[in-house]
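Trainee: Can you keep this structure in mind? I'll have questions shortly.
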């Protein structure tokens, strides 16, 4: 094959899924000449699985990407066909927005954003090789011989690396939705010394809306109130489409059990580990054999298609078995299957080989983001993508990397878990993974991150000005509520009684004091006579949360200060752990392999005990005093 020089860029992004789109846009918006390469121009921002964005923890990630200046939130708002705020009966830490998206319109909108982004080129090509010279990345080589030179390369290849599609006893090379896999790039990474693993994921069948009897299902409408993921979206209303709820039956389970001998998960055809929190229907039936039924949601894939997504029935069973079990569900007795479900096995990069910036430790200038790092989900991919794009841009500008820690963002939790812990299954973000989740709420992502996005050049001056106005309104209103005292007259008594808030104050009380009562919301304060400013709902929500949960927030902030002290104790990257006496054998091996950046990160490595951390602290302090190189 004859090679030719096809172009020179600051940053080349390989892959245009949810990670690749964010990485490319971030690098270009930070002033880098950027190239995004995709296997198929018609599959930019493809949603090969669930046509949905958000949910617990995942919605938090979307809000954080948006606050930094990313695109997934805005694009979801454009393409949404239904939105719901989940967990409203619980505390604000776990409130989460979830949207159904028109998957085709989502792709078209995101593709247009990339095409219109100054400094970004979008091209179709199959990348076969990462070019490395003198230990540093120098660009990529495509299957047609095109050589694109670059100062940094971001790999966002999703599940395409040596992808293998499995349906029953049928198995063939392929990517999601019948696309081509990437084979030689996986071999190239292995040749470069990058350790790879192998995971599995899957998707359910798509069925024809015209063959469904919805009268036998429960309707799941969107919220009447209009929600948006992006803090700068101006969409005031949208026409929504409902989802539908049905259940598996004993007959469903019987068909599955009688065909386990044809299930690749149980015949040994699939050997790799799948996602724990999104198991196949055959796994659910086997694992929870005492459960008579499982929820199944029927979700529209878009406004201009009859395809419906069967959420909760991911499977790799043969096609005939899939159709038979689908027809045992209420409402699906005569259903027609438009696409079968399938499993896909793929190579991934063991993420402990990455720095917190998502740059590979072995090859400077090479970054990885998304499912190639062993994660699952569009949101996790987008979060890694924007961070990899930011850090690739900073790398070519010889600037310090941009790192978010666990106390600052769910993004920080996600990346720290990936680069610190040895994951053995596709990683999914959960609210339970965040120690400081009361501080990392979806409602305050802009207050946490927009200023950071502005400083690195991702957030526009116009957006930053809007953020500052909101921040000022929140501070002013909070001060007003703290300072405004009201007498406990008939009006206040009437409001408290109507809200079933017991125990009347014996004397005057501030509006903030009233708001701290569990039964009292901001809407109750508006019923008390006085001058109430006309404020946006998002400002009122923020003020109410800050006041009502003030004690808990302060307690968590104190915990964060302890965390930060450990994070600030840096460990030199060239430290010789062989010289650190007193470490256990396992701890020394793990520390040598992962090479944590701080004492805090070291303490989170499996196999590193508190005693090992103490030994390391003593060693570093002694080295500092003696003025050794490890200082």
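The backbone N, Cα and C atoms fix where each Cβ goes, and this holds for glycine too.
Below, the features straight out of Swiss-Prot:
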- 15, 16, 17, 18, 19, 20, 127, 182, 371: FAD binding site (BINDING)
- 274-288: NAD(+) binding site (BINDING)
Trainee: Near residue 284 (NAD(+) binding site), how many other Cβ atoms are within 10 Å of its Cβ?
Mentor: 18
Trainee: Determine the C-alpha span of the FAD site listed in the record, that is the greatest distance between any two of 15, 16, 17, 18, 19, 20, 127, 182, 371, in Å to the nearest whole number.
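Mentor: Binding-site diameter by Cα atoms for FAD: 18 Å.
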Trainee: With Cβ-Cβ distance below 8 Å and at least 6 positions apart along the chain, what are the contacts of residue 282 (NAD(+) binding site)? List them in sequence order.
Mentor: 256, 260, 263, 265, 266, 315, 316, 317
Trainee: Indicate whether residue 127 (FAD binding site) is helix, strand or coil by DSSP.
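Mentor: SS state of residue 127 (FAD binding site) = strand.
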Trainee: For each of 15, 274, count the other CB atoms within 10 A of its CB; which of these binding-site residues has the top count?
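Mentor: Within the set of binding-site residues, the most crowded position is 15.
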Trainee: I'd like to confirm something. Which of the binding-site residues, 274, 276, 280, 284, has a Cα closest to the Cα of residue 17 (FAD binding site)?
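Mentor: When the Cα distances are compared, 274 comes out closest.
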Trainee: Going by C-alpha distance, which of the binding-site residues 274, 280, 284, 288 is nearest to residue 371 (FAD binding site)?
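Mentor: Answer for the nearest of the binding-site residues: 274.
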Trainee: Say we define neighbours as other CB atoms within 10 Å of the CB. Which of the binding-site residues 280, 371 has the fewest?
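Mentor: Per-residue Cβ counts within 10 Å for the binding-site residues 280, 371 bottom out at 280.
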Trainee: Report the member of 19, 127, 278, 286 (the binding-site residues) whose C-beta atom has the most other C-beta atoms within 10 angstroms.
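Mentor: Result for the most crowded candidate: 19.
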Trainee: Select one residue from 17, 276, 288: among these binding-site residues, choose the one with the most other Cβ atoms within 10 Å of its Cβ.
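Mentor: By the 10 Å Cβ neighbour count, 17 comes out on top.
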Trainee: Given residue 278 (NAD(+) binding site) and residue 19 (FAD binding site), what distance in Å do their CA atoms have, once rounded to a whole number?
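Mentor: Cα of residue 278 (NAD(+) binding site) to Cα of residue 19 (FAD binding site) measures 20 Å after rounding.
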Trainee: Select the closest residue to residue 276 (NAD(+) binding site) from the following binding-site residues, measuring between CA atoms: 15, 19, 127.
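Mentor: Nearest listed residue in space: 19.
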